[in-house]
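Report on one structure; see the data block that follows.
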Amino acid sequence: MKRWILWGATLLFAGGMLTGCSVQGQKAEPKAENPPTASDAKEKQEPTKEENVFQTGETASVDGLEITVQSAALKDGNKYIPPEKGKVLAVQFQLANRRDEPARVGVEAFNLYDEDGNALQSYFSYDDGFMEAELQKGETKKGVLYFDVPQKEKYVLLYKPDLTGEEEVKFEVTLQPS
């Protein structure tokens, strides 16, 4: 009796797996016909002319949080984990909380684009890289963001505090002369 129950359970499991595989295959085909998604648009984003773009050294204010990109410089990267695009851009910045309540800022709120609007990846091989900060009312903190970049003269750093919101600030990041 136990033998028949075991065989029956095995057949039901195998049948369920085959049915699940065929259902997944059917769902995957229509997705290829869909237009580009919002994540595809994030890959290539160009600033529009009506947006206010801040320069290195200027302070932008978003929802009671002041952000200043202080400097930017290219580095060679970690010898054990070399950057895929050739260089590492180190962006030094300062945050100041002018709200009446604490503010949390994470690395996910920052995105970097090259001059052509291509999204560039963060580079996490340095120990001093900024990950997140909890700023109390009136508190100021400094940090460094690292990005894997091709060597260019200018980049655009986008700060978007709420990933689902429309509020954002753009900084034109220019390299410091060596």
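Residue numbers in this text run from 1 along the chain shown.
Placed from the backbone N, Cα and C atoms, the Cβ positions cover glycine too.
Positions annotated as signal peptide by TrEMBL: 1-19.
If you look up TrEMBL, you'll see 25-57 marked as region 'Disordered'.
Feature annotation from TrEMBL assigns compositional bias 'Basic and acidic residues' to 40-52.
Under the heading domain 'DUF4352', TrEMBL lists 55-167.
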Request  = Restricting to the domain 'DUF4352' (55-167), report the mean pLDDT as a whole number.
outcome  = 92
Query = If you run through the domain 'DUF4352' (55-167) with DSSP, how many residues end up as helix, strand and coil?
reply = 3 helix, 60 strand, 50 coil
